[in-house]
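Pulled from TrEMBL, these are the features on record:
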type	residues	note
BINDING	80, 139, 140, 141, 181, 195, 196, 274, 275	substrate binding site
BINDING	152, 177, 178, 248, 274, 307	Fe cation binding site
Ligand SMILES: O[C@H]1[C@H](O)[C@@H](O)[C@H](O)[C@@H](O)[C@H]1O
Ligand SMILES: [Fe+2]
Ligand SMILES: [Fe+2]
């Protein structure tokens, strides 16, 4: 039997559906990948696709990105399940990570971490080596994936590449967006590296996961400087003026700026705020934001589709993909970086 080419292992009925609904390059890419399959494999793959999707004439274009709200076999409601079940080891791992984060993440703590990490004097390494290190990291806050972060990096990047073939900066953004998790290898516990972020110094947003209960032992919850709606901020001060809980988003954003990465502005927004779910998914904190932040929101939402909903996609052939991404690293963030 012919080995399945990597372009096809990453494809799913979802792409078939998207390709049928548009005559763009994606369909050409998809069709050439499909012709590389043996007859048998092709029949099986296409049948699987057909069973899942409605005929072209009834596809609502707005549904192309969420056909039947199933991503790679996983229904949309099954993502980001933060329900508590003490008998489920993964759910318990996630819950414990967030409870610890929500107990210890204070204004002072976040300031301290900024001071420590934004000196960029911890180590020097190129982007590829940092990403490879993520092979050894399983994110303890994530209920949707239990495999090393490097796989998630390639899953995200490859899906972006498929749907935005011309935006190579976007492919690279997908690949590197979680690289800030490297802090976990330099003495930081996961609770201040991974997970959703939120601003410190004001009332906790109502949509923060576990937030109804998890902040009860956080000293800032009882500090009148910080526990009001605006806390230490002015009304509509703007996203970029919020002090976010310390984590991999802000760190990587700052690393890229410090090292003069040549990525477009959208990429920086996507990286910096991709974990700010209480804002981009929960709609909290509007009173602190500006008109311009709505533009940022559109970019972050576009990114989030790929970050979240590719977590059950096929495992990409990472070795075969490296040469393509190495070129992008060379183009946008070459050489040794200061971390
Ligand atoms: O568990 C995940 C993971 O840590 C991601 O990297 C982060 O961006 C998400 O916000 C979070 O929900
Ligand atoms: Fe992330
Ligand atoms: Fe991610």
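A Cβ is built for glycine as well, from the same backbone N, Cα and C atoms used for every other residue.
Note that this is a predicted model, so its numbers are computed, not measured.
Take the CB of residue 152 (Fe cation binding site) and look out to 10 A: across all protein chains shown you find 23 other CB atoms. Checking the binding-site residues 80, 140, 152, 177, 181 against ligand 1, none has a C-beta less than 6 Å from an atom of that molecule. Here residue 178 (Fe cation binding site) is compared against the binding-site residues 140, 196, 275, and the shortest C-alpha distance is to 275.
Relative to residue 248 (Fe cation binding site), the binding-site residues with Cα atoms inside 10 Å are 181, 275, the candidates having been 80, 140, 181, 275.
Close to residue 80 (substrate binding site) in the fold, though at least 6 residues off in sequence, lie 143, 144, 209, 277, 308, each with a CB less than 8 Å from its CB. Listed in sequence order, the binding-site residues near residue 196 (substrate binding site) (C-alpha within 10 Å of its C-alpha) are 274, out of 177, 274, 307.
Counted within 10 Å of its Cβ, the other Cβ atoms near residue 196 (substrate binding site) come to 25, all protein chains included. One way to see the shell of the Fe cation site is to take the Cβ centroid of 152, 177, 178, 248, 274, 307; the remaining same-chain residues with a Cβ within 8 Å of it are 153, 156, 181, 249, 271, 275.
Secondary structure at residue 275 (substrate binding site), as computed by DSSP, is coil. Closest to residue 140 (substrate binding site) by Cα-Cα distance, out of the binding-site residues 152, 177, 274, 307, is 152. Cα of residue 275 (substrate binding site) to Cα of residue 307 (Fe cation binding site): a distance of 10 Å. Once the Cα atoms of 80, 139, 140, 141, 181, 195, 196, 274, 275, the listed binders of substrate, are compared pairwise, the greatest separation found is 19 Å. Packing around residue 140 (substrate binding site) is summarised by its Cβ count: 20 other Cβ atoms lie within 10 angstroms of its Cβ, all protein chains included. Proximity to ligand 2 (Cβ under 6 Å from any of its atoms) holds for these binding-site residues out of 80, 178, 196, 275: 178, 275.
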